[in-house]
Amino acid sequence: SVFFQALFNLLIPDHAADAFSPPRLPEPGLWDLLLEQLLGGLSRWDAEHFLFIAERGYLYEHNCAFFPLYPLALRALAEGALWPLQRLLRLRSRLLLSAVLLNSLFSILAAAALYKLGCAVLRCRRLAFLAALLFSLSPANVFMAAAYSESTFAFLVFSAMWQLEKGQSWLSGLLFSLASGVRANGLINAGFFLYSRGKCFALQLQGVSGPVRKLPPLWKQLLSLASSAVLVCAGIFLPFALFQYYAYVRFCGAGTGLEPTIPKPLLQLALDKGYRLVATDGDKPPWCSQRFPVVYSYIQDAYWNVGFLRYFELRQIPNFLLALPITLLGSWAAWTYIIANPRHCLTLGLERRKSEEGGKPSAGFCCPAVFVYVVHATVLLAFGFFCMHVQVLTRFLGSSSPILYWFSAHLLQEREPLLWSEGTDHQTAAPRPEQSLRGQSGSCGKRTPENPVVRLLLNCRLITPLGKCILGFFLSFWLLGLILHCNFLPWT
């Protein structure tokens with residue numbers, strides 16, 4: 001990705017976009033210009049906000065739409081491991097280099113965490129491996145490489161989900177809490193804990209037998225589980241609440257007079273663009289007088305016109321077309337799961353199944369354990385489609401939910417004969433189609449397979465139209481993202 005963005009950035013002139021572009025202070029040197037030439041394509045659009053926050057802090061009000069943990073990590077790496085380069089590179093250049101290094105690391109770790117999560121939930125190493133490979137070719141890949149928080153968020157979320165599947169509730173809660181300090185949609189992950197606790201109690205209740213005198217210990221356990229769920233969920237919401245309080249003090253307070261002097265070019269930028277600066281003697285922002293002053297929702301409303309059905313305009317049809325592949329894929333995933341597990345969905349997965357009692361839970365995408373992840377992805381999809389700028393759906397889901405990769409891997413594994421021939425440790429023949437469609441084929445062997453994506457690409461003429469569509473979606477968005485986004489052209 002780094003190589004291709006540098007190539008496309010060199011060959012294609014940048015579009016003159018009306019995006020946040022603060023002046024470079026101080027003037028860049030020779031090495032800064034060279035680094036900008038090599039990695040500048042990864043500092044476009046919202047990346048400018050993250051780099052600016054890491055360098056200058058939350059100077060402008062609309063910077064508060066971007067949460068602090070990722071800029072703090074960039075600053076720590078730039079001032080720590082990259083400190084010896086300060087004689088050659090100014091701070092902003094070191095921050096950009098930090099973003100590339102950090103995102104490369106977290107992308108690899110996120111793929112590994114997704115594989116481990118897939119093994120735990122899908123109970124199918126081959127399917128988990130294929131999903132992790134598809135994540136490496138994610139249609140949101142350019143945002144995983146650029147100075148965006150997507151790769152950090154994906155790593156934290158997938159790792160937290162994996163730890164929760166392993167029963168490590170408190171470690172999972174810590175990772176989910178860190179994720180909510182990276183992106184606002186991390187708050188919805190509290191639902192995983194609430195569901196986990198509710199399911200645990202419901203299954204225990206169904207397993208209780210004997211006289212009523214045995215119930216009090218169960219209620220005590222319920223109180224214990226409920227209290228732990230409340231504490232963990234409170235921890236997940238804490239970073240968001242602390243950041244809103246910080247923004248209130250910074251932009252609604254009277255000011256301490258200790259703030260560093262704002263350089264004149266940045267003051268001029270605020271005047272030219274109408275950006276609101278940190279607290280001064282002037283009028284306070286309107287959100288300061290709200291009963292619950294939340295700067296994040298105000299910025300989304302006032303600066304980007306984000307709200308229910310606000311994006312449903314004729315001129316936004318191209319953006320809806322950009323979001324069409326991920327919308328269809330996400331909807332298809334939910335429908336496939338519901339059709340395969342109607343009773344399980346109607347009972348919210350809270351009914352004890354005979355297969356679970358026998359100790360032999362089914363495997364694959366349609367297994368019971370996937371239910372909560374399908375609900376999570378569907379909620380994100382519906383919210384993003386109706387309430388957000390719809391073109392961001394691809395990276396929104398691609399960095400938040402494993403369903404995009406699990407379902408794509410499921411479709412390829414079930415529909416592509418080229419992948420059936422891999423077999424298992426004890427099977428080399430292709431499984432019967434009727435077995436494959438029931439999710440009971442030999443595709444869930446214990447042995448890690450050779451790279452199935454490479455096999456499909458090398459035999460692209462032999463794969464099915466569905467396989468071509470899935471791989472075409474991943475590869476085309478991967479390539480177009482690098483070409484368009486890195487040259488300030490509109491993208492997802």
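Here the Cβ of each residue, glycine as well, is placed from N, Cα and C on the backbone.
What you are looking at is a predicted structure, and each value in this text was computed from that prediction instead of being measured.
What TrEMBL says about this protein:
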| type | residues | note |
| --- | --- | --- |
| REGION | 424-446 | region 'Disordered' |
| SIGNAL | 1-19 | signal peptide |
| TRANSMEM | 95-115 | transmembrane segment |
| TRANSMEM | 127-149 | transmembrane segment |
| TRANSMEM | 222-247 | transmembrane segment |
| TRANSMEM | 320-340 | transmembrane segment |
| TRANSMEM | 361-386 | transmembrane segment |
| TRANSMEM | 469-491 | transmembrane segment |
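The stretch from 127-149, 222-247, 320-340, 361-386 with the most CB pairs below 8 A to the transmembrane segment (469-491) is 127-149. Under 8 Å from some Cβ of the signal peptide (1-19) lie the Cβ atoms of residues 37-42, 44-45, 48, 100, 104, 141-142, 144-145, 479, 482-483, 486-490, all in the same chain and six or more residues away from its ends. Within the chain, the transmembrane segment (95-115) has long-range Cβ neighbours (under 8 A, six or more residues past its boundaries) at 2, 35-36, 39-40, 42-43, 47, 50-51, 54-55, 73-75, 77-78, 82, 85, 89, 128-129, 131-132, 135-136, 144-148, 151-152, 154-155, 158-159, 162, 402, 405.
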